[in-house]
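Features reported for this protein in Swiss-Prot:
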- HIS31, ALA32, SER33, VAL34, LYS35, SER104, VAL105, PHE109, THR171, THR173: CoA binding site (BINDING)
- TYR64, ASP72, GLU102, GLU123, TYR146, ASP170, HIS176, THR212, GLY213, PHE221: 2-deoxystreptamine antibiotic binding site (BINDING)
Amino acid sequence: MTDLNIPHTHAHLVDAFQALGIRAGQALMLHASVKAVGAVMGGPNVILQALMDALTPDGTLMMYAGWQDIPDFIDSLPDALKAVYLEQHPPFDPATARAVRENSVLAEFLRTWPCVHRSANPEASMVAVGRQAALLTANHALDYGYGVESPLAKLVAIEGYVLMLGAPLDTITLLHHAEYLAKMRHKNVVRYPCPILRDGRKVWVTVEDYDTGDPHDDYSFEQIARDYVAQGGGTRGKVGDADAYLFAAQDLTRFAVQWLESRFGDSASYG
């Protein structure tokens, strides 16, 4: 039978998700590499459907979407070109704005899934489907989109999980929430203009956040994740052809905050 090169099936994926520890009713944030999973009978959307079936209708699936076309660079443009952007660039519309391509095609698939909910922070936007999707995505502040009351904070509060499905460990978005919480020296604050819809009209607002695009020179998310795994955190398995990790969001966040503060906190020694 192995000579037939049968693609991974829906049933096989459901079994693999359950073997990893995914259970009915969980709230789960997914990071995924479709390429790493391998060929799937029916296409990549079957991965999402299999995961939702493992979670059951009582569960919730969330992914980072962001905004593919966010014009956060316009302050660096020549004045004449910036003026064109200010006049012509469309606003962020949660119903239509595309998910960031680099973060997996599955994020765009989930964005267009029936009954999807999407949070209103353009750069830190999350999409979610399931019982707690509305709770996770509601009232997402424009400033400090990975902080208090963000979808990530809510995922931690409801004791949700993070699934890394063939995705690199340096892409765990939840660790931005840990960075927000950690009392560290020299957090870099950035401000950028962003067009949003307000009462049906485009308005430009200034968004303030910690700089998530310029990671600290002295650490990486992958290093935090591997240290967490080394001390027994999470579970590891195989889904399709992909290496997969399942992390409890609350425990991973607690570990990451302690990890960051012990090295870069106010009381940490300078090395």
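Here the Cβ of each residue, glycine as well, is placed from N, Cα and C on the backbone.
Here the features listed in Swiss-Prot are placed on the structure.
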residue : record                                     : Cβ neighbours (10 Å)
HIS31   : CoA binding site                           : 23
SER33   : CoA binding site                           : 17
LYS35   : CoA binding site                           : 13
TYR64   : 2-deoxystreptamine antibiotic binding site : 22
GLU102  : 2-deoxystreptamine antibiotic binding site : 9
VAL105  : CoA binding site                           : 15
TYR146  : 2-deoxystreptamine antibiotic binding site : 23
THR171  : CoA binding site                           : 18
HIS176  : 2-deoxystreptamine antibiotic binding site : 22
GLY213  : 2-deoxystreptamine antibiotic binding site : 9
Pairwise CA distance, VAL105 (CoA binding site) versus TYR64 (2-deoxystreptamine antibiotic binding site), rounded so that it is a whole Å: 11
In three-state DSSP terms, the structure that THR171 (CoA binding site) belongs to: helix
Cα proximity to TYR64 (2-deoxystreptamine antibiotic binding site), best match among binding-site residues HIS31, SER33, LYS35, THR171: HIS31
Cα separation, TYR146 (2-deoxystreptamine antibiotic binding site) to LYS35 (CoA binding site) (Å, whole number): 28
Spatial neighbour of HIS31 (CoA binding site) that is closest, considering only the binding-site residues GLU102, TYR146, HIS176, GLY213 and their CA atoms: GLU102
Residue pair THR171 (CoA binding site), TYR146 (2-deoxystreptamine antibiotic binding site) - Cα distance, angstrom, rounded: 14
Euclidean distance between Cα atoms of GLY213 (2-deoxystreptamine antibiotic binding site) and SER33 (CoA binding site), Å: 21
